[in-house]
Structure formats: C-alpha cells, structure tokens
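Lifted from TrEMBL, the feature list:
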DOMAIN    78-143  domain 'Cadherin'
DOMAIN    150-249  domain 'Cadherin'
DOMAIN    250-361  domain 'Cadherin'
DOMAIN    362-463  domain 'Cadherin'
DOMAIN    471-569  domain 'Cadherin'
SIGNAL    1-30  signal peptide
TRANSMEM  580-602  transmembrane segment
Amino acid sequence: MMIHPVQRVMGWTLLWTGLVVLQFVLSAAADVEEVHHSSVLQRHKREWKFNTYFAYEELLGSLLPQKIGQVRTSKRISGEGANGLFTVNNIGEIFVTATLDREKKSSYKLNAQIRNSSTKARLEPDAEFHIKVLDINDNKPIFSDIPIGSVYERAAKGTEVMTVTATDADDPTTANGNIVYTLMNGTNYFRISNQTGEYIEDSRLDRETQSQYKLVVQASDMFGQPVGHTTTTVVTVNINDINDNAPAFTGGTFRFMVKEDVKTPFEIGKLTVKDQDEKQNKNPKFTIQGNNDLFFVNRDDDGDGALIINKGLDYETNPSYSFMVTVSEADVVQPPDSQGSVVTSARVFISVLDVNEPPVFTQTEYNFQVHEGLNKNKIVGSVSASDPDKPGYKISYAIRSLKCPLEINQQTGQLTVKEELDRESEESHICEVTAQEEPPSGLISYAMVKLKVLDINDNDPVLVNGSNVYICEKDKKGEIIGTIGAFDKDINTGIFRFTLATKTSNFSLHDNLNNTASIILNHGGFKTDHSAETTLDIDISDSGSPPRKSRNTLHIRVCTCWENRREEYCRSYAQTGVSVSALIAILLCIATILVIVILFVLRKRYQKETLVALGKSAGEIHEQLVTYDEEGGGEMDTNGYDVSILSSACHSGTLRVAPGPAIYAVAKKPPACKGDMAMMIEVKKDEADHDRDGIPYDTLHIYGYEGTESLAGSLSSLDSSSVGSAVNYDFLSDWGPRFRTLAQLYGMDESDSDSSY
C-alpha cells in the first residue's frame, strides 16, 4: 500500500508537535511543584524555556501559521526572519507564518527579549535561540555529467572500471539524502557498488566480441525504498584493445606477375594478413623459407606484408619463382584468442614476364691506354655487347662523343685511333659508346670508354731561370754569376745534362747533377758600358728514351751591384729581330691602312659614276625649255626657247651679252662644256655652290628668263644692280626722324647730282 507524501508529512508533523507539547507540560508541572514547596514567596529570575526549535520545510498554506514552541511570559523576538517568517504572541508562543525551504536556508538565529509592558524597558538581557528547518524528501538524485569509462579487455575479475556519482539536495544525514545505486543491465559483465557507485568488472571481456557497453544506472534516495525518488543515466564503457590475436594469412597461396625489366627495389604485391587487433597492436614478422636473397617482405602501415624484389630478374635465366613465407608475432598475449585455426604459412608463386631488353655491355666502363704521337688506325681495344632476348637481334656500335679521338667498328666494336694524340694537350679522353639493336626494336645501351694517353719523350728540354744570371762589375774570376735550370713537358725525363755549346773564354759551366747548372765567370773586368753582346749557348739534354737535346741562348747582363751582388743598374742586351707578336701587330696595322685607302678610292669612283648617270640623252637635252609667265599682272602666251642659248653661254662663258660692272669680284672659271649638257650644268652648279663671293648672276636659274612680257617685269636678281641706279631716296626724310638716317645713307646730296658716270 503506497502512502501519499502529504500524509507522510502530516504524520511527521503531528509526531513532532506532540513531543513539543509534552515538553511544555512537563516544564509547567515542575514550576508549579517548585512554587508549592517554597516556604517563602520570592521573586525569581526569569528563565527561558527554549534554546532550539524545529520547523518543517514546505508546509502547505492550510497548515500555516503553525506553532513551533512557547516561552513563559510575553516576549519579543528579533533576528533572522523575526516578525516575518516567525512571530511570537503575548503568552510566548512562537509561530511559523510562511513556507520554509531547507535547501535555501537550513537554520535561523533569533534573539528573545523581555520588556516592561508599560515602559518598554528591557527587564532581562537578550537570549539567543535557533530555529532549525527539518528536511522532507522533496528533491530527487541528479547525475552531474555523462559518465564514460574504459577498461582493457581480459582485465582481471574485480577490476574497478569507473565511478558514477549522483547528488541529492536533501539532508544527507537523513534518509531523504541517502542515495543507493543499482545497475539495471549488463550484470553479466559488470556490477556496481550500491553505496559508492564504483563499476567493477565481473567477467572477462573481449574487445573483438564487443568493444563498447551501454549500461543503465539508477540512483534512489530513502535507502532505495519504493517511497523515495529515483533517477537513471546511461554509462558508456569502452573496451580497450590488447595484442591478444595472432596474425594469419588470408589465404594459403599468393600469385604475382612481374616484368623482368623493373628497377629494383620494386614492390611486387601484398601478402594480406588477418589480425583482429587494432592497428597499434599489429606487429607481424615475415620470414621467407630457405636461402632466398632475391626477395624480401616488409611490414606496411596496415600490418600486411609487402613483397619486394631485391635484385634484377631475367626471364631468359629463370622465368618463375616459388617459395614459402611464414608470419609470426612475438608479443602476443598468451594464449591468443585466434589459436588453432590460423594460417601462418603461405606459398608464393611469381611469374616473370618477358620484355624486349636493350643490349647489355660486358662492362659498364672500359679503360684503355695508348702512347701519344701519330698512331692513326692503331687498335686500342674493343667493346662488346649482346642482346639478352631470345632470339637476339644484331647489334651495331657507335661513338656519341664528338671530340672523341677514337673510331669504332660498327660490327665488331673494335676501337682505333683516328688522330694524333698529344699527352701534354690532353692526358685522358672520355668517350660514350652505344650498342643498338637493329630495327624494328632499335633499343640502345650506353657504356663509357676512358682512354689514357701515355707519354713519350717528344719534347725538348727548355732553359729556365735565365734572368737570374748577371755579371756585377766587381765580380772576379771564379765567381758564380747565376744558376740555371731546365723544364721538360714530358714526364720521367730523369736528370738533365748541361754543357756549353761552344767554348768561350769568358764563362764556364758546372753541371750540378740535380737538374741545375752554375755559370762561372772566367775573368773579371766587365763594365756596364761594354758594347759587346754577352750571350752564352748552352746544350741541355734529358734522360728520356730516346734522349732529346736542345740548344738555348742565355743572355747575360752586366750590372752595377750593391753588396751581396744586389742589382743596382743593369745594361739590357740588344735584341735582334722582332718577336712574333710584334710582327703580327705591325702586319695588322698595314692591312687596316690598305683597306681604308681602297674603300676611299672606290667611294670616289662611285660618286663620279653617279654624276654621269644623272645626265640626260642628247635628244632630251635638245628639247625646249618652257617658261610660264604666271606672275605679275596677267597671263601671257607661253614662250619656247631653244636650249642652244645655254650651249652658247657655255662657249662664250657668260649668260648675258653685256653684263654691267659688279661691285663684287667675279671668279673666272674655264669653260666646262665638252658637248655634254648635263655635265656642264652640274659643273656650273658646283662652281656656284663653292664660290662664296659670286653673285646670283653666276647661277643658272630658269626664272632668269621670266617676266619679259609681264607688266611687273622680271623678279630675277640677275637684271637688278645697284650700279647706275637713278632712284632718289630723299623722300625718306619726309617719313620722320626714324628714317632720317636711312635717307642720309641712300639720299643724293648736291655733289652726287652734279657728278655723272
């Protein structure tokens, strides 16, 4: 039978009220008994009948106000909730007048006062008392968050997984706030502590079977009694993986195909492995049975085996391969879950596919050597290549390097020298040769040929350090005036031998047998003003096979020297002849001058030919010259003139019959006409252009014949002249002061008017 919460609250209220009334009755009886037994009536000090009172929270309005206690005499109260939540009447009864909430405030502190009703004076000191709010079960448990836990699979029984926690706002010291936890499902694998909420594993877990559990937990107050409140939540438990499964091949056989020309290392394929553990717990190890160094297996990121070729394949040698591969794992938890039914060995079959391969040289690099010199067509060696395919193609050889000094036989691969070799110019040569299959494939292979040029004794020794030999004026007989050496471009020439080519009375030579020689003065007395040329011919021979000898001229200077034969001044010897570089420079200068002269002459000739080309034919020259009188005051008929006038002018040397005297000197030029009118015109034009003193009269202008029939007359300056002019410029004086100076310059005075030409 369920008891209604209101009825339960009322029952507790009546119980506490009865206890309070019983306390008051017992106190009153004790006071009466005390008075009756007193022999003398005395006034005793008032004593409070209370210290702590109790009131229930959440009282319904119909039950308010409710008495919670009483004191002996009329009093007043002050403090928390006084005269609001709590009141006292004249006979000392304390009432609760409003609904209380223990979860907000669980106790109140007040002061009780005793005053004179008339004067309001305080009769006793204030006394402190408390009102405690009694709890009722008005709150249900609450889970603070969404609980998530984890545990490793195969954990030992009794392992704590996690703890769930619920809270209840009611008084935890009473049954109202006491929480009990209950697991609603998953009891086959887990159990829970009903007091602490700890999850404990109750059976062995397997992640591969189930990796997560959803568990329902119930929290109940009132010690789990049916009259209490309950709350449920879902708890997630994740099962963590451990390495408890052994790896196994997904099949007992793997087959692959691969071309023979793949570049190693090359991955052929995957040996797939089945392992139920998570990726971090997969660490398989693969082993190829037997001594097989051609292939190996590596573990990839997914835990499978990558089959890799370690060396090159050859279809013609071995077209297929077969071997066994095993898989294992060292750190698997024993016993593994997958034992008994796993495939830990598999056979691998590999088929090699044939491809058309290029020729293969017997060596990737060939090294030959030959002596320098003229060895054309000399055989230095040969290269060889073959076609690995079946049947093989015919192969032809060639040299790709353009600067290679060798030739190759296209059919045999034989190498011969094609030009003279000089070790001193280039000691070694590197050539790239090719071997190519004949069509239709035409595949090419390459190889390097290194040719080392060996030395022969083909260079003469040369004198060196000759500039260190000089004579000081103070040198005496037997003085070493310098040390010379020798240099040879060849190698292994041994010791150089020095001898005088001709006997001389001035010097002697001493071979030091260490590739040097000393020049010794036979007598002194040399001066810087000595006019004779001081030279010494020396023969130098090497120790090669065969030995070579050269004659060298040593020029010896005469110097004035300081102490210890330090040079002060040396007379340079006279050099005969001109060096090659100086001779080349002189020849280049002479050639440049000749080219400039030739270009100048050709330009002049071209200019003359151009002038002749500008001339017209005789028929064109004898055409009429036409002038148009389009100037001045009217249009007249066109007049034609015979060009013979120009010819006559050419013969007579003038264009006018009787020219007047000129104020400038006229240059007299010889006649230039020789029957060629065009040339005559060009000559006259050139003369006028270069005659700075000539007047326009000397230039032939067409407009010199204009204006003969025009009222305005001719505009040409040929007919105008300041000589004999009768113009009177005196009128300029009438124009004002600005023109007076001009009138004085050109006006006629009395002396001019009286004179005549």
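Cβ atoms are placed via backbone N, Cα and C, with glycine included.
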## Note on the structure
Long-range Cβ contacts under 8 Å made by the transmembrane segment (580-602), restricted to residues 6 or more beyond its ends, are none
### Task
Determine how many residues of the domain 'Cadherin' (471-569) DSSP places in helix, in strand and in coil.
3 helix, 47 strand, 49 coil
### Query
Counting each residue once, how many in the domain 'Cadherin' (250-361) are helix, strand and coil under DSSP?
3 helix, 49 strand, 60 coil
